[in-house]
Amino acid sequence: MQKKSTISWSYDAWIVICTLSLLALGLLMVASASMVISDRQFGYPFHYFIRHLIYLSLGLTLAWVASRVPIKVWKTYSGYLFLVGFLLLILVLAPVIGKTVNGSRRWIQLGFISLQVSEVVKFVTILYLASFLQRYQSEVQKELKGFLKPMLLVGILSGLLLLEPDFGAAVVITMTCLALLFLAGVRLWPFCVLLVLVAGSLILLAILSPYRLQRLTSFLNPWAHQFGSGYQLTQSLIAFGRGGLFGVGLGNSVQKLFYLPEAHTDFLFAVLAEELGLIGEILLMGLFVLLIGRIILIGRRAENSNQLYSAYLAYGIALWLGLQVIINIGVTAGVLPTKGLTLPFISYGGSSLLMNCLAIGVILRIAYETEN
């Protein structure tokens with residue numbers, strides 16, 4: 001009995017250490033970046049910090065619960081969960097139900113929690129896609145319909161996300177799906193055809209709507225529109241420049257003083273770069289590399305143990321988190337167009353934090369089942 005109890009409480013140390021380190025750093029940076037705007041909006045400097053702390057506590061509880069749920073349960077209910085996510089995407093578009101913030105209708109109010117539907121959809125899509133790839137592996141590898149079926153579903157999801165609009169979530173879900181299909185053994189030529197179609201669409205966009213294309217590519221020279229479409233990015237770049245090697249010190253950021261919009265959410269990495277400098281940036285990115293690398297290793301072990309659903313699930317979560325990290329940092333550094341994506345485990349955002357922690361709980365369960 002004692003041996004069984006010890007095993008049931010064992011967790012992957014690297015996943016736990018990296019996740020807790022990221023969450024602690026995120027809590028610290030949210031406190032620093034949000035004090036001024038919180039005081040201005042609510043007359044209390046710790047409003048966003050307290051809310052983030054509550055979400056973090058809920059997230060850790062959710063991760064613990066998820067680590068206790070057998071993977072076969074996720075597999076059994078993946079289709080139903082995907083359907084729930086799909087219905088939520090439709091409901092959020094209804095003016096009576098969906099909550100609009102900054103021109104985007106992405107949230108559903110559930111008591112004191114504003115649920116960002118796209119964050120839920122990312123998770124449930126990976127759950128369902130992993131199940132599809134495991135059940136129809138032969139079809140995926142040998143027949144065109146094995147590629148078209150999941151891409152059709154993802155295309156519908158992306159269309160609904162673009163109606164919100166939430167371009168960033170659509171990009172993450174689509175790229176995660178494509179990468180998982182590639183890992184599952186889809187032949188190369190469907191990807192080539194898709195690439196040609198995307199290139200053709202961009203050319204058509206440039207011809208029919210040059211203004212939209214200009215907005216999409218304004219990140220290439222934000223200084224040309226520094227008081228317009230490039231304002232947020234130029235302020236972010238100034239934060240990077242001020243940070244230098246060692247930063248200006250925790251809490252000493254100037255850009256968070258109403259210069260940089262969304263300083264505690266989408267552009268929190270810029271505040272971190274300003275306050276902690278290049279050293280802080282490298283530390284943060286190192287933690288992400290360790291975490292995502294460990295998740296991939298766990299997926300590989302599951303694949304070697306012939307637990308294909310667990311393997312695809314782990315790969316999907318690694319791709320989701322990795323893509324979101326790359327896009328968020330790329331946006332704040334000015335090498336990618338603005339997408340409106342949070343930095344996993346770091347940025348303020350309850351839905352994102354809860355789903356990230358839930359995903360980590362699932363990974364811990366996969367690691368446990370693979371080892372035992």
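Cβ from N, Cα, C; glycine included.
Here's what Swiss-Prot has on this protein:
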type: TOPO_DOM; residues: 1-12; note: topological domain 'Cytoplasmic'
type: TRANSMEM; residues: 13-33; note: transmembrane segment
type: TOPO_DOM; residues: 34-45; note: topological domain 'Periplasmic'
type: TRANSMEM; residues: 46-66; note: transmembrane segment
type: TOPO_DOM; residues: 67-77; note: topological domain 'Cytoplasmic'
type: TRANSMEM; residues: 78-98; note: transmembrane segment
type: TOPO_DOM; residues: 99-109; note: topological domain 'Periplasmic'
type: TRANSMEM; residues: 110-130; note: transmembrane segment
type: TOPO_DOM; residues: 131-142; note: topological domain 'Cytoplasmic'
type: TRANSMEM; residues: 143-163; note: transmembrane segment
type: TRANSMEM; residues: 166-186; note: transmembrane segment
type: TRANSMEM; residues: 188-208; note: transmembrane segment
type: TOPO_DOM; residues: 209-277; note: topological domain 'Periplasmic'
type: TRANSMEM; residues: 278-298; note: transmembrane segment
type: TOPO_DOM; residues: 299-315; note: topological domain 'Cytoplasmic'
type: TRANSMEM; residues: 316-336; note: transmembrane segment
type: TOPO_DOM; residues: 337-342; note: topological domain 'Periplasmic'
type: TRANSMEM; residues: 343-363; note: transmembrane segment
type: TOPO_DOM; residues: 364-372; note: topological domain 'Cytoplasmic'
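Of the Cβ pairs linking the transmembrane segment (316-336) with the transmembrane segment (166-186) and spaced 6 or more residues apart, 3 or more are under 8 Å, so the two regions touch. Counting C-beta pairs under 8 angstroms (sequence separation of 6 or more), the transmembrane segment (110-130) reaches the transmembrane segment (166-186) with 3 or more such pairs. Listed by sequence, the residues of this chain that lie at least six past the ends of the transmembrane segment (78-98) yet keep a Cβ under 8 A from its Cβ atoms are 105-108, 115, 117-118, 120-121, 123-125, 127-128, 130-131, 156-157, 160-161, 163-164. The transmembrane segment (278-298) makes no contact with the transmembrane segment (143-163): fewer than 3 of their CB pairs lie within 8 A, with pairs spaced 6 or more apart in sequence. Residues 88, 91-93, 115-118, 164-166, 340, 351 of the same chain lie 6 or more positions beyond the ends of the topological domain 'Periplasmic' (99-109) yet place their CB under 8 Å from a CB of it. Between the transmembrane segment (13-33) and the transmembrane segment (343-363), three or more CB pairs separated by 6 or more residues in sequence fall under 8 Å, so the two stretches touch. With DSSP states grouped into helix (H, G, I), strand (E, B) and coil, the topological domain 'Cytoplasmic' (67-77) comes out at 9 helix, 0 strand, 2 coil.
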